[in-house]
């Protein structure tokens with residue numbers, strides 16, 4: 001989750017989010033390099049009192065400033081297309097959960113395990129424990145095993161919502177009358193927080209999501225208590 005004074009993106013907890021982080025870092029360096037080069041060229045021409053007569057008409061320079069951006073865009077686009085493919089790639093998931101967005105809480109269904117169902121509401125500030133997170137904790141956490149491919153089926157019962165967990169690189173629109181899906185794999189244990197990412201009314205800011213990544217044994221024990 002995002003922590004105090006952290007100005008960067010969250011640490012990835014899934015292979016997909018790690019790839020997105022690498023993509024962000026690489027292309028941030030490209031953007032900084034372009035900014036420095038263009039800024040230096042503009043400053044040099046602005047404060048230079050001399051005129052190069054050979055530069056008054058487009059010759060070699062026009063070819064250069066057309067070819068270099070084109071090559072740069074190609075190197076940026078290729079990793080981006082690969083990530084877009086991975087984001088939409090659908091694999092054979094071992095566990096499927098259903099999330100239904102409602103005003104203003106989430107409903108979950110584990111239909112693979114005798115229809116385990118529950119609702120999650122934000123924990124009020126007066127009910128938080130000492131180690132709780134304000135506006136992020138819920139009364140029922142969503143427990144999932146790590147190192148397991150999980151498929152999320154998302155819909156809504158009233159208005160548009162969006163099920164988003166940044167640390168997992170997942171953002172799925174919840175649309176009434178439609179069923180959207182996404183997949184992810186958590187590669188480490190922990191608590192991963194998210195929120196509704198589509199403005200859905202007065203209490204839009206109070207629809208947190210909490211995913212608890214555990215071992216398979218602890219997940220089975222939790223399921224046995226829920227059934």
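Including glycine, each Cβ sits where the backbone N, Cα and C put it.
Taken from Swiss-Prot, the feature topological domain 'Mitochondrial intermembrane' applies to 1-26, 83-227. Swiss-Prot lists 27-48, 63-82 with the feature transmembrane segment. Annotation source Swiss-Prot lists topological domain 'Mitochondrial matrix' at 49-62. The annotation Cu cation A1 binding site is assigned in Swiss-Prot to 161, 196, 200, 207 on the grounds of similarity to another entry. Look at Swiss-Prot and you will find 196, 198, 200, 204 tagged as Cu cation A2 binding site, backed by similarity to another entry. Positions annotated as Mg(2+) binding site by Swiss-Prot, on the basis of similarity to another entry: 198.
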Neighbourhood of residue 200 (Cu cation A1 binding site), C-beta criterion under 8 angstroms, separation at least six:
101, 103, 104, 159, 160, 161, 207
For residue 207 (Cu cation A1 binding site), just count the other CB atoms lying within 10 A of its CB, please.
27
Please compare the binding-site residues 161, 204 by how many other CB atoms fall within 10 Å of each one's CB, and tell me which has the fewest.
204
My understanding is the cutoff is Cβ-Cβ under 8 Å with a sequence separation of 6 or more in the same chain; which residues meet that for residue 196 (Cu cation A1 binding site)?
101, 104, 161, 162, 163, 164, 204, 207, 209
Could you tell me how many residues in the topological domain 'Mitochondrial intermembrane' (83-227) are helical, how many are strand and how many are coil under DSSP?
26 helix, 64 strand, 55 coil
Cβ-Cβ neighbours of residue 198 (Cu cation A2 binding site) (radius 10 Å):
18
Go ahead and report the DSSP secondary structure tallies for the topological domain 'Mitochondrial intermembrane' (1-26): helix first, then strand, then coil.
12 helix, 0 strand, 14 coil
